[in-house]
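Participant: Sharing a structure below in structure tokens format, with a few things to ask.
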């Protein structure tokens, strides 16, 4: 008799628990439909924790850009809508785009992250950006994040986790397996609590596959930055024309840099051994060993090759003239 009464009491409680689960699943199903994800992604199974994380990030993003839209409305009336980021901007990026909140959590990251790093938009949204940055580069990243301004963007080169680095070229320096070097250009978002980051992957360090534009030149140095090779354009720009027999080969690269910008090269010289690749801001080089200078921006690679007879270690500069 007591057993039957106990079973009768359990039936309603089981029914109520089942009903709660059904209602919960329905609400999460509705939430999944509201998330602004690609169909291919939303069609996959996303666990409830991930759904809440994504929803929280998108609500924050909506609040930030909803306010900025209202703030910009009067300016747009006079200046047009070019003051706002549009999807067309993302199409022009040879990389991917990230928006962070004041704590450094990812509010938005473009889907092209999968092309360059093999990571997913769903995986990174709502998580801290520093969780994906090499521990030795976190201070550099945080410094750029804190000191950027709307009219004074910051740039840094950092190693970011990647699942696409397992098949590296045998001659490429792999100081940090599982990471890829990116150049980050960081600026303030619509308000002081957000940061917008354009992320560009460094070109391949295999020189034969690097396209050299007409306004660029190539210099190769030893690891102490003494020049071992310079192409014809580099000779035209850097040799002393009054001494036809002069040659920049064997000279220290530092002697060809404007002294005011030597810190740029000094920082690169230190970082290249950790990163293996580096993108500089604009700096000045001395034109034909005179008092005149010109601005360049350099993609720099450390390149090693090992054979049975020797070990070669060099640094290659592919510099574009402003």
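Just so you know, glycine gets a Cβ as well, placed from its N, Cα and C.
Note that this is a predicted model, so its numbers are computed, not measured.
Copied straight from Swiss-Prot:
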COMPBIAS  1-11  compositional bias 'Basic and acidic residues'
DOMAIN    8-62  domain 'bHLH'
DOMAIN    82-152  domain 'PAS 1'
DOMAIN    203-276  domain 'PAS 2'
REGION    1-23  region 'Disordered'
Participant: Going by DSSP assignments with H, G and I as helix and E and B as strand, what are the residue counts for the domain 'PAS 2' (203-276)?
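Facilitator: Its residues divide into 31 helix, 14 strand, 29 coil.
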Participant: I'm checking region-level scores; what's the whole-number mean pLDDT for the domain 'PAS 2' (203-276)?
Facilitator: 89
Participant: Counting each residue once, how many in the domain 'PAS 1' (82-152) are helix, strand and coil under DSSP?
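Facilitator: Secondary-structure composition of the domain 'PAS 1' (82-152): 33 helix, 14 strand, 24 coil.
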